[in-house]
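Here the structure is laid out as structure tokens; the discussion comes afterwards.
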Amino acid sequence: MNPNQKIITIGSISIAIGIISLMLQIGNIISIWASHSIQTGSQNHTGICNQRIITYENSTWVNHTYVNINNTNVVAGKDKTSVTLAGNSSLCSISGWAIYTKDNSIRIGSKGDVFVIREPFISCSHLECRTFFLTQGALLNDKHSNGTVKDRSPYRALMSCPLGEAPSPYNSKFESVAWSASACHDGMGWLTIGISGPDNGAVAVLKYNGIITETIKSWKKRILRTQESECVCVNGSCFTIMTDGPSNGAASYKIFKIEKGKVTKSIELNAPNFHYEECSCYPDTGTVMCVCRDNWHGSNRPWVSFNQNLDYQIGYICSGVFGDNPRPKDGEGSCNPVTVDGADGVKGFSYKYGNGVWIGRTKSNRLRKGFEMIWDPNGWTDTDSNFSVKQDVVAITDWSGYSGSFVQHPELTGLDCIRPCFWVELVRGLPRENTTIWTSGSSISFCGVNSDTANWSWPDGAELPFTIDK
């Protein structure tokens, strides 16, 4: 062959090899596509690793995670569908209280970004429990924490964070501008109630799933206030109690029935010798029971129970094991206000079981220190001070504060009963610890169980003063 023929022959062979290679690649692509189609069937998800897709459907968050493994899409998780929290079950039978959470927020806040708060409480949906709290619009160990002993200011807001976590700007959700608040879930959405404004003209702003649905104006112009713990939802309706009037005398108390954030009914209690503040409420067999604070003249706690039509009964816990603070030594109780050391008080709770009652209270008679749970088997109706169980929660040497009830519905736990739980606020700083310029709190919580529990002390544990205090 001459040189030109050699070049033509080599070129022809190269072109032929290239065409064959191209056909093989096309065949390979067709084979891979066919194999992928067979594996995924009718799925049309893109093959992106760890793609998180969140959609909002009928007031329900639907959260899917698609994980790509070897060209196969695997769906992880399940739809978080809406339910209606019935509240028709009875309280679970319990023998004691198991530690549930401890957020250590003040200890963490000495070095981290943690909100200055008070009045924390817990509420659960059918999917999760959350901690709600009233922030002061300031962080611990910062100059704006100065003066946060004040209860009512325009900087306070209701916020929430995952249960057991220290409340910070990074994990917390804004709920409402408020210096008094409540919140609860009906199975379809969160209802929040935030009260803010001047003492003589405060307004409660109701939100459902974050949208303002109604407002309630102070009707006595004497510091409208609400529970500082969860409201109660039964069969799609939610219930809360508000107070307006003196803290040291007869005031006005109203029960509100709320559906999807709209007030559908309200009544004023006819309770001339009673005083209701900061009620801790829970559902039990379709009715609502609230145990409250008498800041006027009772060292035992007043209660009100009502059905979904707001037909109600009222009374005081009769036990000689007194639940308020300050209070006298245990002795002879009364089904009316026990007026010895009856002035002032602290938010608290109890759980009624027939004629018996679990009473949560500070260990100290005078100071908000320590905390204990006492089972009085006849204390709802009898006036003696005999009890059969006492469980220590916080030692008398450590600070406590407000306490309140919350429940876990069968839709969350899978039980056939409503689980009773409670939280305790552990207040630090002013007015009792005057080496600081601030007031804040951490919290612990417990749930009722019918098994072994521990007697111990779970105190706040922060070492004061902080750097900002020096």
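The backbone N, Cα and C atoms fix where each Cβ goes, glycine too.
Cβ contacts within 10 Å of TYR402 (active site, nucleophile), excluding its own Cβ and spanning all protein chains shown: 25. According to Swiss-Prot, the active site, nucleophile annotation covers TYR402, on the basis of sequence analysis.
As annotated by Swiss-Prot, N-linked glycosylation site applies to ASN44 (among others).
Feature annotation from Swiss-Prot assigns N-linked glycosylation site to ASN58 (among others).
The annotation N-linked glycosylation site is assigned in Swiss-Prot to ASN63 (among others) on the grounds of sequence analysis.
Annotated N-linked glycosylation site per Swiss-Prot: ASN70 (among others), in sequence order.
Listed in sequence order, VAL234, ASN235, THR285, GLY286 are the same-chain residues six or more apart from ASN88 (N-linked glycosylation site) with CB atoms under 8 A from its CB. Feature annotation from Swiss-Prot assigns N-linked glycosylation site to ASN88 (among others); the stated evidence is sequence analysis.
Of all Cβ atoms in the shown protein chains, 15 besides its own fall within 10 Å of the Cβ of ASN146 (N-linked glycosylation site). Taken from Swiss-Prot, the feature N-linked glycosylation site covers ASN146 (among others).
Among the features that Swiss-Prot reports, N-linked glycosylation site is placed at ASN235 (among others). According to DSSP, ASN235 (N-linked glycosylation site) sits in a coil region rather than a helix or strand.
Residues or ranges marked as N-linked glycosylation site in Swiss-Prot: ASN386 (among others). Its own atom aside, the Cβ of ASN386 (N-linked glycosylation site) has 13 Cβ atoms within 10 angstroms in the protein chains shown.
What Swiss-Prot records for ASN434 (among others) is N-linked glycosylation site, and it gives sequence analysis as the kind of evidence. Under the three-state DSSP scheme, ASN434 (N-linked glycosylation site) falls in the coil class.
Residues or ranges marked as N-linked glycosylation site by Swiss-Prot on the basis of sequence analysis: ASN455 (among others). Classification of ASN455 (N-linked glycosylation site) by DSSP places it in coil, neither helical nor stranded. Same-chain residues at least 6 positions away in sequence with a Cβ under 8 Å from that of ASN455 (N-linked glycosylation site) are, in sequence order, GLN391, ASP392.
Look at Swiss-Prot and you will find 11-33 tagged as region 'Involved in apical transport and lipid raft association'. When pLDDT values are averaged over the region 'Involved in apical transport and lipid raft association' (11-33), the model yields 66.
Look at Swiss-Prot and you will find 28-470 tagged as topological domain 'Virion surface', backed by sequence analysis.
For ASN434 (N-linked glycosylation site), the nearest neighbour among the recorded positions ASN146, ASN386, TYR402, judged by Cα separation, is ASN146.
According to its DSSP assignment, TYR402 (active site, nucleophile) is coil. Ranked by how many other Cβ atoms sit within 10 Å of their Cβ, the glycosylation sites ASN235, ASN434 place ASN434 at the bottom.
Reported as a whole number, the C-alpha separation between TYR402 (active site, nucleophile) and ASN146 (N-linked glycosylation site) equals 22 Å. Geometry remark: ASN386 (N-linked glycosylation site) versus ASN146 (N-linked glycosylation site), CA distance 45 Å.
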